[in-house]
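According to TrEMBL, the features are:
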| type | residues | note |
| --- | --- | --- |
| DOMAIN | B:11-523 | domain 'Cytochrome oxidase subunit I profile' |
| TRANSMEM | B:30-50 | transmembrane segment |
| TRANSMEM | B:70-95 | transmembrane segment |
| TRANSMEM | B:107-129 | transmembrane segment |
| TRANSMEM | B:155-181 | transmembrane segment |
| TRANSMEM | B:240-264 | transmembrane segment |
| TRANSMEM | B:276-298 | transmembrane segment |
| TRANSMEM | B:304-327 | transmembrane segment |
| TRANSMEM | B:348-370 | transmembrane segment |
| TRANSMEM | B:382-406 | transmembrane segment |
| TRANSMEM | B:418-440 | transmembrane segment |
| TRANSMEM | B:460-481 | transmembrane segment |
| TRANSMEM | B:579-597 | transmembrane segment |
Amino acid sequence: MKKWVGKVRMLGLFSLMAIFLTACGKENLTALAPKGYSAERSFEVIIISILVMTIVFVVVMAIFTYVLIKYRRKKGQEDYVPEQIEGNKTLEIVWTIIPILLLVIIAVPTIATTYDLADESQKDDSINVNVTGKQFWWNFDYVNEGIQTSQDLYIPVDTRVYLNMISGDVIHSFWVPTLAGKMDVNPENENVMYIEAYEEGVYWGKCAEFCGDSHSLMDFKIVVVSQEEYDQWIENMGTPMEEEPATASAQEGKALFEQSCLSCHATDGATTAPAIGPNLTNFGNRTMIAGVLEHNKEELVEWIVDPASKKPGNGMLNAPYLQEGISTEDAEKIADYLLELKSTEVVPEFEPFEDQ
Amino acid sequence: MSTLAASNKRSFWSVVWDYITTVDHKKIGVLYLIAGGFFFLLGGLEALAIRWQLVKPMNDFVSAGFYNELITMHGTTMIFLAAMPLIFAFMNAVIPLQIGARDVAFPFLNSLGLWLFVFGGIMLNVGWFTGGAADAGWTAYTPLSTISPGEGMDYYVIGLQISGAGTLMAGINFLVTIINMRAPGMTYMRLPLFTWTSFVASALILFAFPALTVGLFLMMFDRMFDSAFFDPAMGGNSIIWQHLFWIFGHPEVYILILPIFGVFSEVVSTFSRKRLFGYSAMVFATVLIAFLGFMVWAHHMFTVGMGAAANAIFAVATMTIAVPTGIKIFNWLFTMWRGSIQITTPMLYALGFIPTFTIGGMTGVMLAAATADYQYHDSYFVIAHFHYVIIGGTVFGLLAATHYWWPRMFNRMLDERLGKITFWIFFVGFHLTFMIQHFLGLWGMPRRYWVYLPDQGLDLGNAISTAGAFLMAIAVLILLYNIIKTAIKGEPCGDDPWDGRTLEWAVPIPAPHYNFKQVPLVRGLDPLWVEKMDGRKEMTPSEPLDDIHMPNNTVLPFVMTIGFFIAGFGFIYQKYDNALNALIFVGMGIALGAMLVRSLKDDLGYHIPKKELEKEARK
Amino acid sequence: MTEQDIMNPKKMPLQPEKATLEGKNKFLGFWFFLGGEAVLFASLFGTYLALNGSLNGGKSAEEMFGLPLVFIMTMLLLTSSLTSVYAMHHLRNNDFKRLQLWMSITVILGLGFLACEIYEFYHYITDYGFTFRSSAFGSAFYTLVGFHGGHVVFGLAWITALIVRNAKRGLNLYNAPKYYIASLYWHFIDVVWVFIFTVVYLMGVL
């Protein structure tokens with residue numbers, strides 16, 4: 001029996017190594033390939049602690065294996081009574097002192113980075129975004145720029161951005177693993193964290209605090225662009241769209257939208273009114289629909305007709321238009337209109353589901 | 001099944017009545033084992049449903065709402081209704097025997113604690129049949145839990161309140177039992193380690209559970225009587241719940257693990273045929289862990305926004321717990337060192353426990369590093385960590401205890417071959433399920449996710465994890481088969497089947513209901529071993545044979561519990577109709593009435609006359 | 001020890017409450033129970049301190065609380081604690097009549113306290129609209145003080161039941177521990193009140 005046990009263990013070990021090495025998770029989602037300041041600080045502490053802990057594990061397993069092989073009861077030893085050892089002072093002091101020293105190695109960087117990541121000294125000179133988490137979407141309010149948007153948070157590369165976070169209902173948690181660890185979004189007090197990204201790109205964000213039925217579908221993105229693009233984006237977002245929709249379908253869609261949707265969804269990026277539903281300015285350039293659906297007309301129509309099937313328990317289920325019901329044709333017109341809402345040339349390259 | 005088998009001749013209902021009214025710690029232990037085992041299987045089924053939902057991306061095996069009920073009830077059931085009661089099962093079955101007592105200090109409370117747990121557990125699960133069980137996570141964070149519609153969370157609040165009261169009683173009972181009921185010579189520093197660790201765990205229960213009681217009261221008031229504790233709109237603060245919950249919740253994990261450290265200390269020592277290495281260090285480490293366990297609750301809240309100073313302090317405080325825990329690991333290793341290791345099923349679990357729990361402890365230290373925790377927190381890394389300590393620690397320990405003390409409780413040995421097969425399947429399945437979850441967390445999978453999107457690098461890991469979960473289920477089925485087979489075909493095992501060291505093996509199997517005809521004299525650590533080394537087979541009695549005083553059976557604890565159970569429904573449903581307040585009055589009336597009867601009616605117990613004992617001895 | 005020795009002891013020992021194993025267990029177990037109760041009240045105090053500024057537009061502690069009434073309540077409860085000490089003194093003296101008398105006085109003082117508390121709550125509700133549901137402060141106040149009040153009610157019922165039940169049969173080793181732990185409970189209630197007086201009322205007004 002012992003032989004196959006050993007084999008199974010080896011096999012398990014190798015397959016684990018293989019998984020770990022070949023797939024370090026998805027780029028711009030995994031915390032193991034950090035591309036931002038905070039994630040990098042966290043990653044350093046993770047690595048230090050793994051190294052220290054590996055030493056401990058190796059020592060334990062070495063003693064464990066030795067003892068198990070050497071002192072296993074063998075044939076003819078059935079009546080053998082070992083010496084009854086009470087203990088050993090020296091040994092006990094050793095395995096008290098050494099772990100303390102090892103813990104110090106972990107504790108020092110932990111304390112240093114804890115204070116570092118809570119640093120608010122540059123807050124007043126930085127970009128400030130008020131983040132509001134709601135079941136199950138995110139609102140982003142650029143305080144000084146007077147811009148409101150949702151779901152996609154645009155920030156300039158290599159720049160510290162402060163997020164002032166509060167919840168509109170239950171507790172959420174803001175997590176962009178590749179850029180920064182998480183911070184809870186509480187209903188009664190504002191939490192502040194900063195993020196700084198090293199590379200341009202689109203990063204996956206997740207809600208990490210259990211918040212109800214569609215907790216697992218409360219994704220958002222952080223779109224990191226160059227400083228120039230960011231400036232342009234801000235300027236474009238604050239400028240209302242002048243031209244009418246191009247197609248007849250989209251024109252009808254606009255009328256329908258203004259009749260049924262506008263009471264909750266603003267299409268004006270410079271609005272100062274509090275957002276009831278996500279602000280849809282520049283919706284045509286969104287990375288995804290509702291944070292989790294591929295950005296195309298088909299998905300959008302399905303979403304408008306039956307949002308419950310895509311995100312159970314979301315706020316749109318109470319919308320009056322759904323009580324009356326909506327035809328697929330009308331939904332298509334609204335979709336045509338929404339997909340034409342493009343305020344800016346700053347468009348992130350993004351393929352959410354590359355393998356499909 | 002000594003007690004059950006012996007009573008086969010009696011009618012079924014008389015056996016039921018006997019168990020409902022019993023105050024015998026051994027029978028109460030059996031009832032805890034049955035009820036805890038049932039809830040363990042229930043929680044396991046919920047776990048399988050969770051894993052099946054996650055076997056592939058965007059799966060639609062269960063709806064979001066039902067999934068949330070599954071995860072909530074899985075956690076709540078496993079912690080409150082399976083792990084703790086199963087620990088109580090062995091504490092009841094073993095501790096009075098280990099310290100040389102004829103019963104616990106408060107047999108009445110013992111019975112009451114059991115029934116409160118059972119009916120609290122039923123109450124928690126009633127929600128399934130009334131439109132949805134609790135669905136805000138086992139941690140029930142406010143305000144999600146206070147605004148959760150339906151009665152699911154009401155059942156959570158009332159069910160936990162009832163079963164929590166039972167747990168508190170059990171805790172006080174064991175504290176007093178261990179202090180007051182020890183046999184002559186059984187000094188504190190001769191207590192078996194299972195007794196010591198259970199003693200410390202009982203103290204943790206005493207000081208941790210009231211915080212949960214208060215938290216549950218506040219939640220109950222908010223949900224049922226419109227108070228404003230957790231409602232930000234009325235000036236309430238939802239973070240208070242988190243503090244109260246974790247002031248209870250962190251000691252709770254030590255309540256779950258400390259007695260198990262005791263189990264492994266007994267098992268490792270017995271099957272290495274060697275006294276525990278560094279006994280006093282082990283005791284000291286246990287007390288230290290318990291003490292530190294109260295200072296670290298906020299490490300569950302690093303991302304709440306407490307500020308850098310609080311995070312740093314709680315991080316360092318948490319890390320210090322690794323030191324006494326490490327001491328324990330090394331002491332077990334050195335107990336085996338120069339011993340004579342016999343690999344039985346319980347020992348196999350102990351051997352599997354050491355590396356597994358070491359990994360769980362390592363990830364524990366990693367989680368304590370606050371900045372690293374910003375990444376781990378509420379991700380699958382945390383899920384992996386606490387399953388490594390709770391399954392790798394508590395469940396392995398309970399399985400070891402089951403195999404180790406089964407002959408003590410039921411006069412039958414569980415099949416060793418099947419036991420070892422169970423271990424290996426469970427062990428492999430466990431690591432398959434949870435090792436990969438560390439990585440899933442770091443790859444960006446938060447916990448309590450009903451679905452995950454495709455192409456996020458999470459598919460393979462989740463599939464592996466699900467496969468492992470089903471292996472664990474197979475292992476549990478084999479264990480069940482083993483138990484049934486043993487109950488039907490097993491032979492009586494006779495006294496002291498493991499060549500034991502502690503006092504519980506000095507009691508004949510099956511044990512007389514008064515445990516010890518004459519209370520033994522304890523002459524050292526591992527008292528039975530001491531006598532064996534001196535060439536004796538039995539303990540030396542510390543007193544001449546005399547009448548034995550025993551408590552009477554009583555149905556009052558059961559009645560009291562029924563009262564609270566009825567009142568619970570009143571509290572839950574009074575918001576719909578004022579007339580249902582009557583249920584509260586009826587239920588509380590029954591409970592308080594039973595209390596009054598208990599208080600006013602003399603109950604002095606009975607005596608087994610010396611003559612009868614002598615007669616038995618001659619047989 | 002036979003039944004006879006317990007129910008009709010020939011000679012009362014010095015500490016009748018701890019003369020039997022059951023008595024010793026009760027004594028120790030009850031101390032542990034009070035330890036748990038202390039955590040319970042500590043949690044309630046913590047909650048109160050976190051929420052006592054959350055007025056939701058209502059009146060603050062300073063505007064509502066009047067010390068004279070609370071002072072009378074404090075005196076009543078402190079005195080009742082003292083009378084229960086006298087009762088325990090007579091329990092050790094094996095003077096059952098005086099034991100019953102002082103326990104009865106304790107109950108009367110406790111009832112006085114309770115009457116004041118009910119009046120106080122009534123006053124806040126009718127005169128200030130300050131209720132359990134008006135603000136987080138209200139919820140926390142009524143829960144903390146109400147939990148204490150609930151303990152008082154339970155204690156009074158318990159002591160009364162003991163007085164009535166044992167009126168005819170006198171002191172023995174079976175009921176001595178019951179009297180003793182009831183008085184322990186009463187002291188605990190008193191101690192909690194001292195904290196409530198300080199934290200809720202004094203700190204609220206000053």
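Any Cβ shown, glycine's included, is placed from N, Cα and C.
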Review point. Do the transmembrane segment (B:460-481) and the transmembrane segment (B:30-50) come close, with at least three CB pairs under 8 A (pairs 6 or more apart in sequence)?
Key: yes
Per the Cβ filter (under 8 Å) with a sequence gap of at least 6 from its ends, the transmembrane segment (B:107-129) is approached by 21-25, 28, 31-32, 35, 39, 42, 69, 73, 76-77, 80-81, 85, 88, 92, 150-152, 154-156, 158-170, 172-173, 551, 554, 556-558, 560-562, 564-565, 568, 598
Sequence-distant residues near the transmembrane segment (B:382-406) by C-beta distance (under 8 Å, 6 or more away from its ends) are 78, 83, 86-87, 90, 93-94, 253, 256-257, 259-261, 263-264, 266-267, 270, 344-347, 349-350, 352-353, 356-357, 359-361, 363-364, 367, 376, 412-414, 419, 422-423, 426, 430, 433-438, 440-441, 447, 479, 486, 498, 504
Other same-chain positions with a Cβ less than 8 Å from the transmembrane segment (B:240-264) and lying at least 6 residues past its termini are 79, 83-84, 87, 90-91, 139-142, 145, 192-198, 200-201, 204-205, 207-209, 211-212, 214-215, 218-219, 229-230, 286, 289-290, 293-294, 296-301, 304, 328, 332, 350, 353, 386, 389-390, 393-394, 396-398, 400-401, 404
Beyond a gap of at least 6 residues from its ends, the CB atoms lying under 8 Å from the transmembrane segment (B:304-327) belong to 239, 242, 278, 281-282, 284-286, 288-289, 292-293, 295-296, 298, 361, 364-365, 367-370, 373
Restricted to the domain 'Cytochrome oxidase subunit I profile' (B:11-523), the mean pLDDT of the model is 96
